[in-house]
């Protein structure tokens with residue numbers, strides 16, 4: 001017995017050592033695999049974002065010259081018309097650049113914002129025409145909108161748009177005048193204006209995402225951002241329904257920073273303000289209408305609060321703040337609607353058990 005035990009001791013120890021080593025290797029392999037292959041990880045997001053951005057760059061490199069050539073032909077055909085129109089306006093306001101800048105950055109964006117919201121408000125208040133209400137995202141909300149709640153929102157929106165945005169326009173004018181002349185006699189070239197609009201969009205995505213997430217911190221949310229989220233089912237006009245501090249930091253700064261940094265011309269600045277206001281109106285409108293950008297992304301943010309903080313969703317993908325959205329029906333519907341069948345009908349909600 002003692003001989004067998006003595007002989008088997010080293011063998012058993014060796015076997016136990018091999019078993020422990022194998023277990024450690026298996027565990028290490030699982031841990032490495034979990035780090036590398038875990039779904040939704042930051043590295044996975046970076047790779048996917050890089051693929052999307054890289055594909056976009058290759059597409060622009062391949063087709064950009066052809067696309068801009070056709071657009072340039074259109075611009076060139078009407079370029080003299082716009083330049084002559086601007087020259088007349090420039091001469092009429094000669095020596096009054098501040099008035100011209102204020103007019104250009106307030107009048108055109110105001111018409112764009114309230115013009116796009118006029119029809120939406122009519123539909124929200126009356127519930128007609130039914131052709132549009134069919135495309136409501138949250139079918140059981142704002143049907144029609146609460147008049148008292150709407151009146152309260154409109155007071156805040158008017159104050160932000162006229163007083164806060166008006167004061168910001170004055171600040172922006174002096175900042176841009178310090179850099180150069182935003183009301184110069186020559187309009188920017190088509191390619192330069194296109195490049196500026198692309199730069200504005202990227203800068204807005206960065207500044208809006210991080211400032212928006214900042215206002216979702218509990219202390220700031222309670223005192224400032226909660227007001228905007230009173231509308232869990234938003235409508236177009238509440239896109240600037242916010243506390244004045246939030247309106248300055250999260251709504252205005254991401255939009256005005258681009259033109260200030262690039263020293264843009266008034267024409268490009270005014271066009272960008274119009275685009276930004278119409279874009280945020282569509283994001284908040286509550287209707288997924290045919291041939292318009294999808295508002296599902298930001299509508300989901302109002303519904304869930306802790307998802308979808310950005311404009312385009314690039315930074316949300318990188319930071320994983322769209323994970324729940326990507327598992328939802330709203331994500332399946334987050335596409336350009338190219339038919340007249342509402343996506344709530346073509347991609348219906350999953351029926352719960354017992355229904």
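The backbone N, Cα and C atoms fix where each Cβ goes, and this holds for glycine too.
Taken from TrEMBL, the feature compositional bias 'Low complexity' applies to 20-36. Feature annotation from TrEMBL assigns domain 'Fatty acid hydroxylase' to 198-321. Sequence annotations record features per position, and here TrEMBL assigns region 'Disordered' to 1-40. Here TrEMBL flags 49-71, 111-132, 153-175, 190-210 as transmembrane segment.
Secondary structure by DSSP for the domain 'Fatty acid hydroxylase' (198-321): 87 helix, 1 strand, 36 coil. Within its own chain, the transmembrane segment (111-132) has Cβ neighbours under 8 Å at 142-145, 147, 150, 161, 235-237, 273-274, 277-278, 281-282, 285-287, 289, counting only residues six or more beyond its boundaries. For the domain 'Fatty acid hydroxylase' (198-321), the predicted model reports an average pLDDT of 96.
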